[in-house]
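The annotation active site, acyl-ester intermediate is assigned in Swiss-Prot to 253. What Swiss-Prot records for 382, 496 is active site, charge relay system, and it gives similarity to another entry as the kind of evidence. What Swiss-Prot records for 103-130, 307-322, 458-574 is disulfide bond. Among the features that Swiss-Prot reports, N-linked glycosylation site is placed at 125, 308, 418, 509. Residues or ranges marked as GPI-anchor amidated serine by Swiss-Prot: 605. Taken from Swiss-Prot, the feature signal peptide covers 1-38.
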């Protein structure tokens with residue numbers, strides 16, 4: 001028997017005995033083809049096996065890209081609805097040059113052919129087999145070929161790990177807008193991203209029906225996917241030239257919500273110490289739910305998928321066997337039956353006693369975070385995007401709509417249907433221009449502010465205040481620039497997600513129609529993020545960007561035409577949501593509350609509605625205080 005045959009036999013036996021899996025010929029090279037991998041700058045030895053990426057030139061600089069690296073076994077069949085299982089090491093060289101699958105989700109097709117919508121839809125094959133990650137490395141970093149050997153070539157650099165948004169129901173790391181080649185080319189950082197399970201595939205929670213310690217439907221599987229990917233990247237950072245102790249998470253919307261959980265959860269605290277949260281924190285109303293609510297949604301899904309929900313108490317495994325036999329498309333469609341209205345997603349992080357042992361703000365308020373730094377922020381018009389989609393009969397994408405006062409009230413009642421009449425009336429009073437009550441265009445602006453403040457800006461402010469109080473070093477930005485070539489109607493302003501293309505450097509792509517000031521803004525944001533990942537501060541000492549505290553809520557303005565420092569943002573509106581409304585809610589159950597409610601309702605039904613907001617809110621304050629006596 002020849003030496004090559006003996007070698008192949010030996011490797012095969014080792015693979016079977018040690019639990020190694022042989023990838024297909026399509027994804028790996030044969031043993032004889034990788035004997036000289038140490039001389040190949042595009043081959044890296046990871047803890048899972050060898051990977052080969054590809055090289056591209058970006059803005060005159062070379063970037064090495066690795067896409068589609070598996071970090072977990074495919075969560076299919078018996079692994080559906082369970083925590084991710086680490087990938088078995090492979091033999092050969094993995095071809096890391098192809099974009100991975102996107103996790104199962106539904107496409108948004110409200111405006112067919114509209115690029116502003118299509119840019120957020122998955123651009124690769126949709127599959128349950130989706131747990132892969134991507135890495136971008138500046139070529140000037142000498143890639144080493146083993147994760148455990150120290151480098152003698154140059155200092156290791158920070159690693160930025162992107163977590164995409166999409167309300168925990170949609171999104172994919174493969175979107176063009178998330179291509180991190182420009183960040184890698186212009187900043188001395190490595191960038192990575194991962195896929196994680198969405199919707200019921202990532203958040204179904206029915207664990208109470210199984211014995212303690214069971215791995216069945218534990219909830220938050222999508223977050224566990226993220227954790228496994230972060231740990232893989234941390235374990236292999238040095239092999240790519242990165243510093244495993246300088247890892248910063250950054251993400252938008254649900255990505256920001258996820259990051260805030262990883263920073264303070266008892267499971268992941270200490271895994272990373274820096275996070276950048278764009279338009280999303282874990283305390284936002286759309287970013288978490290109770291275990292009881294998650295169970296209720298899970299039962300509805302079981303029934304809608306044709307499985308026997310009555311068996312859950314005594315034969316839960318039979319129920320899950322049935323659910324694992326349901327095709328993915330059916331689950332993906334039926335889960336939306338529990339959508340509860342604007343930003344009322346049926347799958348979110350769940351308070352399940354492990355990753356989220358209690359209410360997010362209780363977790364934050366009870367912790368000590370003096371060794372952590374966070375950078376977070378909001379956009380100027382966070383609410384208009386969601387307002388358009390959920391009330392599409394009321395608004396036009398391309399131009400302003402005259403919102404009748406009656407429809408304004410209808411939208412308030414719909415969004416806040418679970419609040420008392422008194423609370424809803426208070427919202428109307430706070431968000432009314434009393435000098436122009438019947439100006440439909442102002443009503444449209446006000447309702448957009450309601451959505452943006454309640455769901456995004458004010459939860460972000462609240463998180464920042466409490467985090468600072470518990471020792472975190474907090475930096476806040478406010479993105480106020482409307483892109484010169486925005487595809488959305490001008491009335492929508494600076495919408496949710498508008499900052500993402502600047503974060504990833506797309507204005508520096510000269511084939512796109514950005515102006516020179518927007519290119520400068522993008523470069524400034526990338527530099528701020530890279531400096532934050534390196535030093536814990538987003539700017540150099542000669543730039544004024546003060547820390548954010550409750551007493552001094554100062555933020556840095558990101559705008560192509562002006563920069564500066566502001567306070568808030570939206571300080572008055574957020575005082576209403578974060579301070580006043582909870583007090584009103586606490587006292588609305590008293591015997592006198594109906595009197596207040598009746599009085600306010602009479603004012604509300606008045607044809608004039610001319611009480612100024614200061615007067616009306618003072619009346620509510622007085623009556624609330626009287627009720628508390």
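The backbone N, Cα and C atoms fix where each Cβ goes, and this holds for glycine too.
The shown structure was predicted, so the numbers you read here are calculated from the model rather than taken from an experiment.
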The answer, for which of the disulfide-bonded residues 307, 322, 458 has its Cβ ringed by the most other Cβ atoms inside 10 Å, is 458
Please report the Cα separation of residue 382 (active site, charge relay system) and residue 130 (disulfide bond) in Å, rounded to an integer. 30
By a 10 Å Cβ neighbour count, the lowest-scoring of the disulfide-bonded residues 103, 130, 574 is 574
Output the one of 125, 253, 509 that, of all these recorded positions, has the highest number of other Cβ atoms within 10 Å of its Cβ. 253
Cα-Cα, residue 418 (N-linked glycosylation site) versus residue 308 (N-linked glycosylation site), nearest Å, comes out at 30
Using Cβ-Cβ distances, find the residues under 8 Å from residue 308 (N-linked glycosylation site) that belong to the same chain and are at least 6 apart in sequence, listing them in sequence order. 302, 318, 319, 322
Which of these recorded positions is closest to residue 253 (active site, acyl-ester intermediate) if you go by CA atoms: 130, 307, 458, 496, 509? 496
Between residue 574 (disulfide bond) and residue 496 (active site, charge relay system), how far is it from one CA atom to the other, in Å? 18
Going by DSSP, is residue 458 (disulfide bond) part of a helix, a strand, or coil? helix
Between the Cα atoms of residue 496 (active site, charge relay system) and residue 509 (N-linked glycosylation site), what distance do you get, rounded to the nearest Å? 22
